[in-house]
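Listed in TrEMBL:
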type: DISULFID; residues: 40-351; note: disulfide bond
type: BINDING; residues: 51, 52, 115, 166, 167, 222, 267, 268; note: Ca(2+) binding site
type: ACT_SITE; residues: 113; note: active site, proton acceptor
type: CARBOHYD; residues: 251; note: N-linked glycosylation site
type: CARBOHYD; residues: 268; note: N-linked glycosylation site
type: CARBOHYD; residues: 322; note: N-linked glycosylation site
Ligand SMILES: *[C@@H]1O[C@H](CO)[C@@H](O)[C@H](O)[C@H]1NC(C)=O
Ligand SMILES: *[C@@H]1O[C@H](CO)[C@@H](O)[C@H](O)[C@H]1NC(C)=O
């Protein structure tokens, strides 16, 4: 009888662990109620992902496309990734592939993930790109040459504290905070750890003279960004459905201030440079990202958070689609009344707000 009891207890735990717990974390069950915006158009020329994007103050948007990520769908698994440029001032946007210049850069293994820009006092724009050549992790530093529509490769950064990078926020030409999602080294083992929620991940500050873990214990740390005044860092914890606010100190350390809970997998965070609002690309039914089925595609959802530092931040779903129009949104960013939404491996959508 005792043995039977023990056995059923073990079974219960096994069910909790293997079924219920991960499914909750992956938010498997939620169906999406559509939230529409007027005047939405798919951006022509983007068909194989727009994983991350960043809009410059002049309306030029950088988009990373063609990510190959273990366990996640890719419509062009044999092609290298690329960096795209879209001018949001144009009525009918055209997508331009940025030429990459630099003899030390291997374009064939380019696998871009999170991106971030830094503009210095001379208005030089640096583009920092998380890259996964052969599923390793590096940060590539480029200088944007607007006239030539090209990226000049300046440097490849590797470090043992940057083993499986996801997203990055630049605070200087070679200075950044980055999230490690613990997913890339030893893919098979790590994906089981990830599935079971044992793959704790962390945030690192990197500069040429100092590299340090600044926050850890996340259940898949994903998006990261910074407030316009540079005083707060926002981190999305994908599988815990949380956004954390950290206070950033002059010595680059971070102290936790508060966190917000969501009923969706929170991916990239972009920050409106004017209002300071957070725009978050989300996966309302995340399991469909990890187990792709074209008949039942992953949905898209965009959330806007206003006044995040106050007692009662205003959280609103601005856009939601069941995957008919846009599959697997990861990121959303605004420019002059326009909303640009990117996806893991699908298209990109531009809407009027
Ligand atoms: C960094 O600055 C914060 C706030 O001033 C302080 O509390 C902390 O001890 C400092 N940490 C280090 C390692 O200097
Ligand atoms: C998604 O919504 C559209 C329109 O509301 C509907 O026609 C379609 O069947 C839905 N698709 C799925 C997969 O639920």
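Easy rule for this one: first residue shown is 1, then count along the chain.
Cβ coordinates come from backbone N, Cα and C, glycine included.
All features noted in TrEMBL, drawn onto the structure.
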{"residue": "51", "record": "Ca(2+) binding site", "DSSP class": "coil"}
{"residue": "113", "record": "active site, proton acceptor", "DSSP class": "strand"}
{"residue": "166", "record": "Ca(2+) binding site", "DSSP class": "strand"}
{"residue": "222", "record": "Ca(2+) binding site", "DSSP class": "strand"}
{"residue": "267", "record": "Ca(2+) binding site", "DSSP class": "strand"}
{"residue": "322", "record": "N-linked glycosylation site", "DSSP class": "coil"}
{"residue": "351", "record": "disulfide bond", "DSSP class": "strand"}
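In the structure shown, across all protein chains, 115 is the one of the recorded positions 40, 115, 351 with the greatest number of other Cβ atoms within 10 Å.
According to its DSSP assignment, residue 251 (N-linked glycosylation site) is coil. Here the candidates are the recorded positions 40, 113, 322, 351, and by Cα distance the one nearest residue 51 (Ca(2+) binding site) turns out to be 113. Put simply, of the recorded positions 115, 222, 322, the one whose Cα is nearest the Cα of residue 40 (disulfide bond) is 322.
For residue 166 (Ca(2+) binding site), other Cβ atoms within 10 Å of its Cβ number 28. A Cα-Cα distance of 17 Å separates residue 322 (N-linked glycosylation site) from residue 351 (disulfide bond). Comparing the recorded positions 222, 251 on other C-beta atoms within 10 angstroms of each C-beta gives the minimum for 251. Residue 113 (active site, proton acceptor) counts 22 other C-beta atoms within 10 Å of its own C-beta, drawing on all protein chains shown. Around the Cβ of residue 267 (Ca(2+) binding site), the same chain contributes 222, 223, 236, 238, 280, 281, 282, 283, 329, 330, 331, each under 8 angstroms and 6 or more positions distant in sequence. Rounded to a whole number, the C-alpha distance linking residue 52 (Ca(2+) binding site) with residue 251 (N-linked glycosylation site) is 28 angstrom. Taking the Cα atom of each, residue 251 (N-linked glycosylation site) and residue 115 (Ca(2+) binding site) are about 24 angstrom apart. Neighbour counts of Cβ atoms within 10 Å were compared across the binding-site residues 51, 167; the minimum falls on 51. Long-range neighbours of residue 268 (Ca(2+) binding site) (same chain, six or more residues apart, CB within less than 8 Å of its CB): 52, 114, 167, 222, 223, 225, 236, 280, 281, 330, 331, 332, 342.
Ligand 2 lies under 6 Å from the Cβ of 322, out of the recorded positions 40, 113, 166, 222, 251, 322.
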